[in-house]
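Enquirer: When I checked Swiss-Prot for this same protein, it listed these features:
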SIGNAL    1-33  signal peptide
TOPO_DOM  34-565  topological domain 'Extracellular'
DOMAIN    35-216  domain 'Eph LBD'
CARBOHYD  Asn311  N-linked glycosylation site
REGION    322-342  region 'Disordered'
DOMAIN    340-452  domain 'Fibronectin type-III 1'
DOMAIN    456-554  domain 'Fibronectin type-III 2'
CARBOHYD  Asn486  N-linked glycosylation site
TRANSMEM  566-586  transmembrane segment
TOPO_DOM  587-1008  topological domain 'Cytoplasmic'
DOMAIN    645-900  domain 'Protein kinase'
DOMAIN    933-997  domain 'SAM'
Amino acid sequence: METCAGPHPLRLFLCRMQLCLALLLGPWRPGTAEEVILLDSKASQAELGWTALPSNGWEEISGVDEHDRPIRTYQVCNVLEPNQDNWLQTGWISRGRGQRIFVELQFTLRDCSSIPGAAGTCKETFNVYYLETEADLGRGRPRLGGSRPRKIDTIAADESFTQGDLGERKMKLNTEVREIGPLSRRGFHLAFQDVGACVALVSVRVYYKQCRATVRGLATFPATAAESAFSTLVEVAGTCVAHSEGEPGSPPRMHCGADGEWLVPVGRCSCSAGFQERGDFCEACPPGFYKVSPRRPLCSPCPEHSRALENASTFCVCQDSYARSPTDPPSASCTRPPSAPRDLQYSLSRSPLVLRLRWLPPADSGGRSDVTYSLLCLRCGREGPAGACEPCGPRVAFLPRQAGLRERAATLLHLRPGARYTVRVAALNGVSGPAAAAGTTYAQVTVSTGPGAPWEEDEIRRDRVEPQSVSLSWREPIPAGAPGANDTEYEIRYYEKGQSEQTYSMVKTGAPTVTVTNLKPATRYVFQIRAASPGPSWEAQSFNPSIEVQTLGEAASGSRDQSPAIVVTVVTISALLVLGSVMSVLAIWRRPCSYGKGGGDAHDEEELYFHFKVPTRRTFLDPQSCGDLLQAVHLFAKELDAKSVTLERSLGGGRFGELCCGCLQLPGRQELLVAVHMLRDSASDSQRLGFLAEALTLGQFDHSHIVRLEGVVTRGSTLMIVTEYMSHGALDGFLRRHEGQLVAGQLMGLLPGLASAMKYLSEMGYVHRGLAARHVLVSSDLVCKISGFGRGPRDRSEAVYTTMSGRSPALWAAPETLQFGHFSSASDVWSFGIIMWEVMAFGERPYWDMSGQDVIKAVEDGFRLPPPRNCPNLLHRLMLDCWQKDPGERPRFSQIHSILSKMVQDPEPPKCALTTCPRPPTPLADRAFSTFPSFGSVGAWLEALDLCRYKDSFAAAGYGSLEAVAEMTAQDLVSLGISLAEHREALLSGISALQARVLQLQGQGVQV
């Protein structure tokens, strides 16, 4: 093996040049992908030992690099001899996991013209080959083992050097990279063929590319070899790092590209409860912090009055004497039971005997807003300690209720005269224990009702009962000999049962007995007794509980053998009297809420007013007929704790206030994404009633294609309606965003569900009044659901006028609604026909840019919307049926649902081409619309839009006529270079107006 000190001048010349270039080359700079080195000749400090044939061809020489490290190179320079065929074969190279292999060559090459006498024999290229094998061919064997190698390429130098370059020490090193593959065997040899060049191989580097091991999205991905095909991506599943977890059904994945780069990350991992993300790993929440769910990115400090003493806490425990309610989320502060109510006061009314209480809220609410009050009534003896008391029992009535009071006042009825009562008022909240009402956090008063006659019903004796008289007796309320015992006077009130208590008779007596005369035979009477006791003034006490006594019949006192016909007659008359009384009550009865159809006329309302109907499950409860809307809402909607609703972002303003997206966390249920409608603080009383009416309306519906009400929040300063979250928003906007991405069959598939929902509503007797695609919401799984239930009869006045947003309710309203303000299920059918047209037209505005007044006139003249592009004929005929002028001729929703379901299952085959199908005539062909003025040119049209700056752009693009402009699309405007969104929107609006003008002139409407 020769070195750089060899005697041959050409070799010495080549050796010096090659070594100087190698020193300047330095270490190779890697790319962004990871390269797995299979061979690097510069890394070998020993002889390479490659096979050279013949022996006087390629030769190995040694030198040093810039770090004085030895490097091995091969050179050949037999340029003066013809017919050169010198081969150099590397050792066996294992391909490892690589299939697509890269070969990087660094070499120098002498310019043949700079070598005297070598013009006919010198070459400036050399060839590179490879041969796949399963094992090493070995050294010293015949060239490449006799097998046929595959040529990689003929290599030429970009720059060659001359004698002058060598003298000036100019370095001209060439680098070429070639790739081979895909390889299938375990390894391969490289071979270099010299055909007469003066060349030096400074470096041979063989490698394949792989995506380096990495951590992304808290998932580790192993090093992965790239595929051989350039367009092939290798999907690699990631492994979540410690203390993290993947999303269910969406494990973390990435794709390794052919160039060794990671592409298309899908999914990610989230730190488990108790851990938070810190770079590429999850760290435990420190003491004092917690994380309850993987959905939360960071640990949160413990809420007030709670603590977390350990690392990785998933919740914070409450401090001593503090607690959380079962309905409180883990993020809620710990609270405690309230203190006792303050300043408990009472007033006692003697006639009737009524005890009224009022108090102030506790000084300490425990940190909660859900403070309620509970009353405990104890009846005590006239003498003795309060410990001798016993519960009052069911006799005493509490208004408005005994427990769960939010009011700070209560009234007790049916107390006994001459008794002593102790009433305790306890303050409770969400963390009060079950025995809190009997605990120590209460205020109490003790009240004596004074002497009286606390008789039970069985303490009044029926001494004698005759056809026209009744004798009663009772015990004296004050024992004989006690002060005032002889001064007690009694009042006895009586009346016929079934008669009003206002038509009673009264007798008085000084003894505990009485005989009442002049009664009717065989008649049931009600008797009540009370005592008047002495004092500074005679105090009238309340009457005792009523007792009933029936006088005997005339025949009963004379003969027991009297015919039973008289008894039957008396009973019959009594029954008729009772029935008459009941009917009288029903005749004047007024119920707080009316059940019936939401769209009935005045005659229907009269009928409902005078006839009682038992409400059924499928009968709509009209909010306008309810006296107490809040109470009605609680009958149909679940009351939610405001703390269970977390607001995340605003979705804009609603009819009554803010509309937000949030999360609902209920005990035992997963967190749910919801839409929250909040009533603004400045809302008027009428807006508050409208808000409650919308909640009551939503709460009555249970259908898979009607927006679901999750609950309401009515306790607190902010009223909320919580519904399911529909991620794709309104149907019209969804269709516009996906125009051209859905085929006609997919569009038609949206309609049967909506028809089913309207069938459900019509069967309940509900009239929507505002049916339109903008009031249909689309969920994340592309289910359409009816919404927009906040409209009512008060909204009728807007039916004719165009709104500021460009939406005119006249576009969806039936003729009878526009003319007479009459809403019915049939008017909803008309609106549903417009919805079907909107769906098939990808959310296009009905009647294009026609004003509300023009639409009213056109519909009255018989104009109907033409079929949208690719709309099946059967579906358009159904639309026309929905747009019949006579409401009685329109189909019912049950029929519409049946027809649409059959269309989806068995679509109508086209009967003719779109261009040959006959179109019915339209009366609009002969009538001009004043709404759309005529323009003489494109320039005049642009000036009318105040966008004349684009005249040259339109002209340069060939849009010289209004007919051509009418066919433009949004993409055409972008291609003109119109970058401002507001200008594009103004132009699109003007183009739509031109299209409507063209349709008017061409008569593309439909006459009915």
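Cβ coordinates come from backbone N, Cα and C, glycine included.
Computed from a predicted structure; not experimentally measured.
Let's see these features in context: how buried, what's close, how far.
Expert: There are 13 other CB atoms within 10 A of the CB of Asn311 (N-linked glycosylation site), with all protein chains counted.
Across the domain 'Fibronectin type-III 1' (340-452), DSSP helix (H, G, I), strand (E, B) and coil residues number 6 helix, 51 strand, 56 coil.
Mean pLDDT for the domain 'SAM' (933-997) in this predicted model: 80.
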Enquirer: How about long-range neighbours of the region 'Disordered' (322-342): same chain, 6 or more residues beyond its ends, C-beta under 8 Å?
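Expert: Residues 290, 292, 300, 303-306, 314-316, 359-368, 370-371, 373, 408, 425-433, 436, 440-443, 641, 643-644, 646, 665, 667 contact the region 'Disordered' (322-342) from elsewhere in the chain.
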Enquirer: Please work out the helix, strand and coil residue numbers for the domain 'SAM' (933-997) from the DSSP assignment.
Expert: 44 helix, 0 strand, 21 coil
